[in-house]
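These features come from TrEMBL:
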BINDING   15, 56, 164, 196, 295, 299  1D-myo-inositol 1,3,4-trisphosphate binding site
BINDING   104, 153, 185-196, 211  ATP binding site
BINDING   279, 293  Mg(2+) 1 binding site
BINDING   293, 295  Mg(2+) 2 binding site
DOMAIN    7-95  domain 'Inositol-tetrakisphosphate 1-kinase N-terminal'
DOMAIN    121-314  domain 'Inositol 1,3,4-trisphosphate 5/6-kinase ATP-grasp'
């Protein structure tokens with residue numbers, strides 16, 4: 001354990017309120033850590049030393065990736081301090097790892113490259129659509145085996161409200177509804193049930209959430225929706241209401257905790273991150289597990305003893321480093 005036991009924290013005020021700052025301060029104090037809010041408008045060196053940077057910088061990283069000058073300077077300043085000038089600092093999670101996760105195409109490609117397929121776990125077929133030419137879009141979909149219906153998702157997985165704005169495309173007639181650039185991903189019917197896996201270091205848990213109902217390829221118009229509204233615990237979205245025929249056919253199926261554990265451990269290692277949220281659905285026909293999204297530092301509502309898990313993770317990392 002380093003002699004300096006200060007934890008620098010940066011996240012939005014909304015996020016700070018959600019996690020309960022005073023409770024975090026008390027939990028850190030019990031474990032011998034001092035915690036403080038990092039001010040990105042001030043010199044980091046003057047605010048140091050600290051042994052841990054705990055952050056939710058996804059919005060700023062996303063803006064930097066889009067060319068925002070102020071955000072670029074902030075991220076460069078942080079990386080210079082924690083990577084070049086003070087490499088012993090533990091960062092949860094490393095900015096380079098978060099950058100990779102923010103790109104949905106890179107994220108799905110990384111999942112696709114794991115050995116999860118050995119456990120009946122997959123990510124639905126996907127491709128990037130960057131061109132507005134419909135013939136090129138058709139070709140990309142065919143080449144990547146993306147079937148109708150498919151979901152159009154913004155390439156940027158975090159950092160703005162638009163990251164959650166998605167569309168379901170049911171047929172070739174409405175391909176013009178694809179807001180390029182985007183990731184197109186085959187839609188997997190899963191009886192309107194989503195499982196959110198929350199990871200904190202070597203601990204994980206999962207919760208059931210509402211999701212999109214079953215859909216088939218058809219001549220209907222595209223559906224546009226906000227994914228965060230559909231998957232909230234208390235969501236009442238009409239898109240989550242199963243059709244009567246699906247209600248009759250539905251089979252009770254509880255997730256296999258061993259497979260959930262394999263998913264959690266595999267993606268934690270593959271992404272090189274300790275604070276992750278993973279969205280998983282179970283295909284209603286095959287029973288296979290489909291990973292449809294991964295998030296950095298998710299909301300941990302309901303995670304048992306979250307601060308204990310977080311500080312256990314921090315303690316192990318600073319000791320190892």
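Along the chain as shown, residues are numbered 1 onward.
Cβ atoms here come from the backbone N, Cα and C positions, even for glycine.
Automatic, uncurated: that is what TrEMBL annotation is.
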(message) Suppose we draw a 10 Å sphere around the Cβ of residue 193 (ATP binding site). How many other Cβ atoms does it contain, all chains included?
(response) 19
(request) Just report the maximum Cα pair distance in Å for the recorded 1D-myo-inositol 1,3,4-trisphosphate binders 15, 56, 164, 196, 295, 299, no decimals. (result) 19
(request) Compute the average pLDDT of the predicted model within the domain 'Inositol-tetrakisphosphate 1-kinase N-terminal' (7-95). (result) 92
(message) Give me the count of other Cβ atoms within 10 A of the Cβ belonging to residue 295 (1D-myo-inositol 1,3,4-trisphosphate binding site).
(response) 20
(request) Determine the Cβ neighbour count for residue 185 (ATP binding site): the number of other Cβ atoms within 10 Å of its Cβ. (result) 24
(request) Only counting partners 6 or more residues apart, tell me which same-chain residues put their Cβ under 8 Å from the Cβ of residue 164 (1D-myo-inositol 1,3,4-trisphosphate binding site). (result) 226, 227, 228, 229
(message) I'd like to know which of the binding-site residues 15, 279, 293 sit within 10 A of residue 104 (ATP binding site) at the Cα level.
(response) 293
(request) State the Cα to Cα distance, in Å, between residue 293 (Mg(2+) 1 binding site) and residue 187 (ATP binding site), rounded to an integer. (result) 13
(request) Specify the count of other C-beta atoms within 10 Å of the C-beta of residue 279 (Mg(2+) 1 binding site). (result) 19
(request) Between the Cα atoms of residue 211 (ATP binding site) and residue 295 (1D-myo-inositol 1,3,4-trisphosphate binding site), find the distance and write it as a whole number of Å. (result) 17
(message) Using the alpha carbons only, what distance in Å do you get between residue 56 (1D-myo-inositol 1,3,4-trisphosphate binding site) and residue 189 (ATP binding site) once rounded?
(response) 32
(request) Measuring C-alpha to C-alpha, could you say which of the binding-site residues 15, 187, 189, 195, 196, 295 are within 10 Å of residue 279 (Mg(2+) 1 binding site)? (result) 195, 196, 295
